[in-house]
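Enquirer: Have a look at this one before I ask anything.
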Amino acid sequence: MPIFKDIASLRQWRQSLRGTLAFVPTMGNLHDGHLALVRLAAARAEQVLVSIYVNPLQFGPQEDFAQYPRSLDKDLQQLHAAGCSTVFTPDDALMYPRGRKDLSIIIPPHSLAKVLCGASRPGHFAGVCTVVNKLLQMVQPEILILGEKDYQQLRIVQQMVADMNMTVQVLPGPVQREADGLAYSSRNARLSPGERQMAPRLAATLFDLVQRSTPQASVAELALAGRESLEQAGFVVDYLELRDSETLQAVNIAQPGARWFAAAHLGQTRLIDNVMIPL
Ligand code: AMP
């Protein structure tokens, strides 16, 4: 399994490739959520490239860039076993050779990027779009695989691809969960044993809200009940909202296709999740 650290050898490999290339960008510390995306990629394309890069541009000054878990050796072993063909592990000097100030950046539409996580993480989605755009220019895949776990990120990247007339096909992968419902996340490793026990309550609350979502139900009352149940369990809730799956705008009728989104802190760890009201 070749591991590229520079653009020249990556491009040389790319030019010699036959068949379709699917690309799975990650920040490493891989888990079954990432590996499911790798398997989806392998089912859709002859070649699979996974990138591992913790992108400083998408972390705010008070966020956990320095503490973000890194485990490259273990990641590489898991990728090999999951059928990944190639890994790209750029570093900051390769991604941002002139530094991160005064950089050309991609600013996503405010309607998608200033809501939900964007409201409390200014600049986060511009950082995501900029790095994904750079990685796409380097890797030149036919297919880009992104997880629905980060649903807002998925929608914003889909919109960037459409707005910039990029030819890459964006393929979403469903949220992968532990047996108790907690969505896999690299940040779960930072939960204390007590927090880890409580963490599945986030997904359980969203699934419960989906169950109670009918066109007659009061969305405001549902959201309040969900928020109270999380707060009683010890979460500090950032948001718990029902939004349209395409526009990400708030909706006040709980109809099929709308999506419950939540972000909440358990101790130092911020967890996010989302569940759609089934069609
Ligand atoms: P990250 O390493 O957190 O940047 O995630 C890399 C990719 O994996 C993104 O497209 C995420 O949406 C996706 N991903 C992370 N966790 C999960 C999960 N539990 N289920 C599905 N996809 C996931």
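Glycine too: its Cβ is placed from the backbone N, Cα and C atoms.
Pulled the feature table from TrEMBL, pasting it below:
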ACT_SITE  HIS34  active site, proton donor
BINDING   27-34, 147-150, 184-187  ATP binding site
BINDING   GLN58, GLN153  (R)-pantoate binding site
BINDING   GLN58  beta-alanine binding site
Enquirer: To the nearest whole angstrom, what is the C-alpha distance linking GLY33 (ATP binding site) and GLN153 ((R)-pantoate binding site)?
Expert: 15
Enquirer: Note down the number of other Cβ atoms within 10 Å of the Cβ of LYS149 (ATP binding site), including every protein chain shown.
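Expert: Excluding its own Cβ, the number within 10 Å is 22.
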Enquirer: Going by DSSP, give the three-state secondary structure for ASN29 (ATP binding site).
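Expert: Looking at the DSSP assignment, ASN29 (ATP binding site) belongs to neither helix nor strand, so coil.
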Enquirer: Counting other Cβ atoms within 10 Å of each residue's Cβ, which of the recorded positions HIS31, HIS34 comes out lowest?
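Expert: Counting other Cβ atoms within 10 Å of each of the recorded positions HIS31, HIS34 gives the minimum at HIS31.
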Enquirer: Of the recorded positions HIS34, GLN58, GLN153, which sits closest to SER186 (ATP binding site) by Cα distance?
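Expert: Nearest by Cα distance to SER186 (ATP binding site): HIS34.
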Enquirer: Determine the recorded positions, out of MET27, HIS31, HIS34, GLN58, GLY147, LYS149, lying near ligand 1 in the sense that the CB is under 6 Å from one of its atoms, and give them in sequence order.
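Expert: Cβ under 6 Å from ligand 1: MET27, HIS34, GLY147, LYS149.
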Enquirer: So how many other Cβ atoms are close to SER186 (ATP binding site), meaning within 10 Å of its Cβ?
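Expert: Around the Cβ of SER186 (ATP binding site), 19 other Cβ atoms lie within 10 Å.
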Enquirer: For TYR184 (ATP binding site), which of these recorded positions sit within 10 Å, Cα to Cα: HIS34, GLN58, GLN153?
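Expert: Of HIS34, GLN58, GLN153, within range: HIS34.
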Enquirer: If you draw a 10 Å sphere around the Cβ of GLN58 ((R)-pantoate binding site), how many other Cβ atoms fall inside it, taking every protein chain shown into account?
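Expert: A 10 Å sphere around the Cβ of GLN58 ((R)-pantoate binding site) contains 21 other Cβ atoms.
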